[in-house]
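J.: So that we are looking at the same thing, I have put the structure below in structure tokens.
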Amino acid sequence: MGFSMSPGRDEEVAGGGAAAVSLLTPNPQDGTTAAAATATARITARAAVAAALYPPPPKEGAFIAYVIYFVLGAGYLLPWNAFITAVDYFAYLYPAAPVDRVFSVAYMVTNFIFLLVVLGVSSKSSAPARINAGLGIFVVTLLVVPVMDAAWVKGEREIYAAYVVTVGTVVLAGVADAMVQSGVIGEAGELPERYMQATIAGTAASGVLVSAMRIITKSMFPQDADGLRKSANLYFIVGIVVMIICLICYNFVERLPVVQYHKNLKIQALKEENSEQGLESVSAWSSLIRNIVRRIKWLGFANSLIYIVTLSIFPGYITEDVHSKALKDWYPIMLIAGYNVFDLVGKCLTAVYLLENAKIAVVSCVLRLLFYPLFVGCLHGPMFFRSEIPVTVLTCLLGLTNGYLTSVLMILAPKLVAIQHAETAGILMVIFLAVGLAGGSLVSWFWVI
């Protein structure tokens with residue numbers, strides 16, 4: 001496995017001037033001495049020009065940008081979480097339909113297809129336009145369910161025309177996810193590492209928020225039809241509010257000096273590349289994609305493997321296969337909350353310590369396969385291993401490793417390419433992640449621990 005890590009972009013831009021040139025040229029990957037000398041010569045030749053073009057990055061708005069990227073990360077997963085958390089209510093309304101499985105297939109298949117579409121058009125389209133359009137679609141999809149419930153369904157069962165509409169909104173949400181997630185991850189990849197860390201941590205915060213809402217609604221509302229209806233509507237209303245906040249925040253963060261600085265770096269790099277290579281053709285774009293895939297393929301493989309392992313265990317095994325006489329139906333809820341909290345902790349840990357060795361990161365992802373025999377032991381092993389404590393500890397470790405390694409991979413991958421291609425690398429990593437989500441879902445369907 002041939003890995004090479006470019007220096008962190010935080011360090012690259014810290015000195016401005018000559019350091020900024022390293023943003024425009026990727027480091028040689030496992031290259032010869034001659035290739036390294038050529039790259040060094042190119043950097044040196046551009047240093048004088050870059051000193052004038054690229055002053056040190058502004059610090060104004062850096063913390064605000066960090067917070068907003070955290071909010072955006074939480075936001076783009078919230079619509080899916082709203083649909084899947086309200087699945088009890090949908091299962092009550094449509095008892096003859098396998099709601100949870102249909103939702104998963106409809107969302108993930110659509111999301112994957114449109115991620116490929118976004119990859120194909122990313123060089124010809126604007127990421128801000130895709131993100132704004134996707135957030136707008138999210139608002140519409142989240143509005144459909146409570147409006148339809150108030151005006152048409154009204155808690156009545158077996159109105160399967162409404163079920164078709166609901167599945168249609170899930171499909172639309174999958175389209176919106178592809179537009180927003182790829183855009184936000186792509187743009188975060190063009191910025192210093194801490195902004196990708198904020199985005200990925202935000203995705204975990206979305207899970208924590210949903211778990212908190214699930215616990216609150218279970219405590220507040222009776223677990224009958226009316227209680228399930230109120231809970232579902234609450235999930236969607238909260239989702240709508242968060243999407244509107246995301247729309248406002250995203251259009252604000254685009255104007256912050258720290259973000260504009262790095263966007264200008266990308267624009268200059270693209271102009272320079274186009275002046276050297278000419279206008280981009282379809283064959284040139286395909287060649288570029290292949291080159292980026294070669295650079296990040298092992299990180300992408302590891303990203304897929306993380307979610308194959310995680311989703312083949314969580315939440316299916318957690319909610320269906322383990323039981324507690326003491327905690328009863330609170331047990332799976334508490335396990336899911338524990339997973340989500342430790343997933344957030346893992347994704348925040350990269351702000352404290354970032355594992356920069358790509359080989360170790362990939363090997364660590366492979367070692368997560370050990371969770372399979374460990375969780376099997378919780379079902380069929382010694383009696384002490386079947387109790388609540390081992391299951392809880394393993395579930396929290398599953399979340400912690402999922403969070404930390406996901407954050408590491410998503411931070412490292414865009415730094416393996418030049419800044420003008422960081423967005424594309426980010427989109428490709430999201431596609432690898434989607435492959436892992438689909439693979440994990442399939443394994444959880446056809447193979448039960």
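Each residue, glycine too, has its Cβ placed from N, Cα and C.
In case it helps, TrEMBL gives these features for our protein:
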TRANSMEM  63-82  transmembrane segment
TRANSMEM  102-121  transmembrane segment
TRANSMEM  133-153  transmembrane segment
TRANSMEM  159-180  transmembrane segment
TRANSMEM  200-221  transmembrane segment
TRANSMEM  233-253  transmembrane segment
TRANSMEM  298-318  transmembrane segment
TRANSMEM  330-354  transmembrane segment
TRANSMEM  366-385  transmembrane segment
TRANSMEM  391-413  transmembrane segment
TRANSMEM  425-448  transmembrane segment
J.: Cβ pairs under 8 Å only, please: of the recorded stretches 102-121, 233-253, 298-318, which one is richest in them relative to the transmembrane segment (133-153)?
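T.: Of the candidates 102-121, 233-253, 298-318, 233-253 scores highest.
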J.: The transmembrane segment (366-385) vs the transmembrane segment (330-354): three or more C-beta pairs under 8 Å (separation of 6 or more)?
T.: no
J.: Using Cβ atoms and a strict cutoff of less than 8 Å, what residues sit near the transmembrane segment (200-221) while being 6 or more residues removed from its termini?
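T.: Contacts with the transmembrane segment (200-221): 69-78, 81-82, 85, 227-228, 230-231, 234-235, 238, 330, 333, 336-337, 339-341, 343-344, 346-348, 350-351, 403, 406-407, 410-411.
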J.: Any contact between the transmembrane segment (298-318) and the transmembrane segment (391-413), i.e. 3 or more CB pairs below 8 Å with pairs at least 6 residues apart?
T.: yes
J.: Residues sitting near the transmembrane segment (425-448): Cβ under 8 Å, six or more positions beyond its termini, same chain?
T.: 101, 104, 108-109, 111-112, 115-116, 118-119, 122, 181-182, 185-189, 289, 292-293, 295-296, 299-301, 303-313, 316-317, 320-321, 406, 409-410, 413-414, 416-417
J.: List, by number or range, the same-chain residues at least 6 past the transmembrane segment (102-121) whose CB is under 8 A from its CB atoms?
T.: 80, 83-84, 87, 90, 130, 167, 170-171, 173-175, 177-179, 182-183, 289, 424, 427-428, 430-431, 434-435, 437-438, 441
J.: Short question: which residues 6 or more past the ends of the transmembrane segment (159-180) have a Cβ under 8 Å from it?
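T.: Cβ under 8 Å, 6 or more out: 72, 75-77, 79-80, 83, 90, 93-94, 96-97, 102-103, 106-115, 117-118, 130-131, 133-135, 137-138, 140-141, 144-145, 148, 152-153.
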